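In Swiss-Prot this protein carries:
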ACT_SITE  E101  active site, proton acceptor
BINDING   T26, G27, S28, T29, D79, G80, A81, D82, K92, G93, G94, G95, K119  substrate binding site
Amino acid sequence: MSEAKRLAAEKAIDYVEDGMIVGVGTGSTVAYFIDALGRIGHRIKGAVSSSEQSTARLRQHGVEVLDLNHTGNLSLYVDGADECDPNRCLIKGGGAALTREKIIAEASERFICIVDPSKQVPVLGKFPLPVEVIPMARSLVARQILALTGGQPVWRDGVVTDNGNVVLDVHHLQITDPVGLERSLNQIPGVVCVGLFARRPADVVIVGGEPPQVI
């Protein structure tokens, strides 16, 4: 699937315009996008990064990394996904960067999601749903998620987000109402961010292939 990821990432470069500040996500597919972005780094003003991992890779390519508080809203955000449904709703957060990813998506006029074909699903939920949680609320949130969804929350032991929080991965879900579930989980005290991108889905999904498919 690495070739499909590369093809999707390189197609996303078509959406990058001269003088842009580009929002950049996290993950294996985005790594290919960062590499491609580095080749045209002289054409853009810089990037806003969703993780320390992506920040390091951008800087390796000589791309200036900027603070979202100073840039204001962005024209373009490019990121991957763990799952994508036909309505371009996503599960994200496998790399534990979901909160910063959601912030940048919200701040961006256009959100381009780049995936390989294995990430396309008819209904979200086969991939465990990540939920970022304040550490002291981990058990409370897990109990409430179990009661609300019937899914099985599992603590991602040993993982601390860039924000200093923990992650619960909720298994055995079939998410037929992504917007409703995102809203409900966000109401649980202690939840920082839910890895459902449904209220703000992707605007365009690029599926890697020969040629890439644009949805």
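Note that Cβ sites are derived from N, Cα and C of the backbone, with glycine treated the same way.
Sequence features, as recorded in Swiss-Prot, placed on the structure.
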| residue | record | DSSP (3 states) |
| --- | --- | --- |
| T26 | substrate binding site | coil |
| D79 | substrate binding site | strand |
| K92 | substrate binding site | coil |
| E101 | active site, proton acceptor | helix |
| K119 | substrate binding site | helix |
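Taking the centre of the Cβ atoms of T26, G27, S28, T29, D79, G80, A81, D82, K92, G93, G94, G95, K119 as the substrate site, the nearby residues of that chain (Cβ within 8 Å, site residues left out) are G25, V30. Highest local Cβ density among the binding-site residues T26, S28 belongs to T26, counted as other Cβ atoms within 10 Å over all protein chains shown.
Comparing G94 (substrate binding site) with the residue listed as 'active site, proton acceptor', their Cα atoms are 12 Å apart once rounded. Calculated from their C-alpha atoms, the gap between E101 (active site, proton acceptor) and S28 (substrate binding site) amounts to 15 Å. With the fewest other Cβ atoms inside 10 Å of its Cβ, the least crowded of the binding-site residues D79, K119 in this structure is K119. The Cβ of K92 (substrate binding site) lies under 8 Å from the Cβ of D79, G80, A81, D82, L98, E101, K102, P130, G195, F197, each of which sits 6+ residues away along the same chain.
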